[in-house]
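Okay, so here's the structure we're looking at.
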Amino acid sequence: MKRFAAVTLAALMLLTVFASAASAADSVEIRGPVFNGSNIVEIVGDGITIDATQFAAFYYDIDDNVTTETLSIKDVSGNSGNVIGEGGIVYSTKIQKVDYEYYKPSLGWDNYSLLGFFAEKYIPLKSNSADKLAKLVIDSDDKITLRTGETLDIGQGYTLQAKQVDVDGEKVWLEFDRDGEYVDDEIIEVGADDSTWDVELDDIQDEDDVTVMRVHVNQVFQGAVDSIAQIEGIWLIDYANAMTIESDDEFGDLDDVSINGDTLNITNEDTFTLTRDSTNELAEGLSFKVADTSSNVLRFYLAKEFTDPGTYEVRGSVASGEASWDASNFAGFYYDLDDNVETESLSVSELNGNVIGEGGLVYTTSIKKVDYDYENEDAGWDQYPIIGFFAEEYIPLKANSADKLAKLVLDSDDKITLRTGETFDLGEGYSIQAKQVDVDGEKVWLEFDKDGEYVDDEIIEVGSNSDNTWDVELDDIEDEDDVVVLKVHVNQVFRGAVDSIAQIEGIWLIDYANAMTIESDDEFGDLDDVSIQGDTLKISNEDTFTLTRDSDEDIGEGMYFKVADTPTSELRYYPAIERIVGNETTSITKPDESGNETVSDNETMPDNTSSETPDLNETDTPEEPTTTPEEPTDNETEPDESNGSPGFGVVLGLAGLLGVVYLVRRNN
């Protein structure tokens, strides 16, 4: 028992050290086209306009070729240098009709009014007026099965419960709730011509008879044990958070509002400065990201940062025939704004109807040099080679050869403080630990680990005669030796109120454990003709590639073409990748037991052992990454140690409890 308790206690304490490692991506940035010139007057010319075909964050329906939003920079008298004059920025959006995902016109599921509003989907409470809006929560044609008593989490606190399922009478009794409170219920006859339930509510921003939810019940049937209702078609708006836009409202720096029927225009009453080396907030999450350049160069792009959990599509510009994309018109490709560096391109030629001929689909990428985020040439932090590879950042193991690559894990100039014994999670299972901090001797002993296993360690001298940088070099990485896999710059060591502390400023890391060698006979999806010429990698299709209508056609490594549901003569498509924020987990809650039921788009009849259903729409809040507490400096904030990773306190509690058990058993 003593040995068991001691080993268990040690294991639990080890868990507490790495409890901060579990985290999910907490945001995704989608950018628009890059504008580059000497000043705003040169860039704007007679005026520039960005719409959804250029900016993937704006709403776009590829099937119907529908856009609603534009952002323009006008040629106004106040434009000068890096300053946009009064009224020079115009955001405009207009209500449009779009098809339901569950498209059944004969059942009343044809189209509805939608308005993009600062790159989010909103529904006008009145179909021809843009002043009263509610966010669209879900528009889905997924097939979902509910047993009697089960509750479906739709998103944003809204749920749907199957109160009773009457198979013989072909009826289902559904209840609609918000935050656990009753909203409405209905008995739906499934054998009727229209088995749709429209939930209409009054007094939504002073509007009555507002349709807030639509549910179509496809069928009811008897399962192996339970009576089951199958839903196909759900549409819901967040009516509880609907809003009315007034002419005196302000949205960030856009504060001159004009509402004209189905159109909303908002401009800037004051000048707007594109401050270099910064993100200039415009309104509602829209911003201009501006490069760190000299005063005679101005370079920027429009961006939207999404933080709500979910899967986001990052798309390129829309094409209707032969086309090409690079980082300027496909936000998925790697781009360094400060250095104006891009590496990737994709081209389509030899297009006959909707078929790309052999060798007509070509992906190319080349190695380029970019600055470290921590810029310090004297300490060896100047530039490093990088290559975009299917919209991910990779590092070549040899600076001029594109055949051996490792993914870039981290390139950061954030200030991090480590006390003696503390471990900092770098990502992908890598970590560094401050073994000892010697303030008097101006030294720090760091250890580098992978998945908790020792890799290397070093005593770093922090004195003025040292570059304060630890380069971790490893051998036999894809048969290459002396590969720099980690760079760490220690800024200073100092004594805090209690502990000796090391401050790190500058970390760079590659995922060497998953490095790869690309061979000429490799295949990447439908790209299977590989050519490596020094620092350039070119991959094309040996066979024809069909742009099948109404589909996502995989190109390779997560990149795909989304093709509109149109005749071949009206071909419309774009390249895209997906980025995931948070942890997507919508659930069906069972009445008497835990567990969920799995239902795919191709419905399989569930049995009594089914356990999981995929979520319709994300509602859970993602876990925030937990970093090591830092000693406050001018640019640092001491984190609240009470807000650790979920479960951290539980682990400590279990460790303490087992410690008591161990001591009691030892004394006995």
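Glycine is no exception: its Cβ is also placed from the backbone N, Cα and C atoms.
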In Swiss-Prot, of the candidate ranges 98-118, 371-391, 644-664, the one given as transmembrane segment runs 644-664
Non-local Cβ contacts of N36 (N-linked glycosylation site) (under 8 Å, 6 or more apart, same chain)? I43, V297, L298, R299, N340
Count of other CB atoms lying within 10 Å of the CB belonging to N65 (N-linked glycosylation site): 15
Fewest-neighbour residue among glycosylation sites, criterion Cβ within 10 Å, set N111, N265: N111
Whole-number Å distance separating the Cα atoms of N265 (N-linked glycosylation site) and N65 (N-linked glycosylation site) is 22
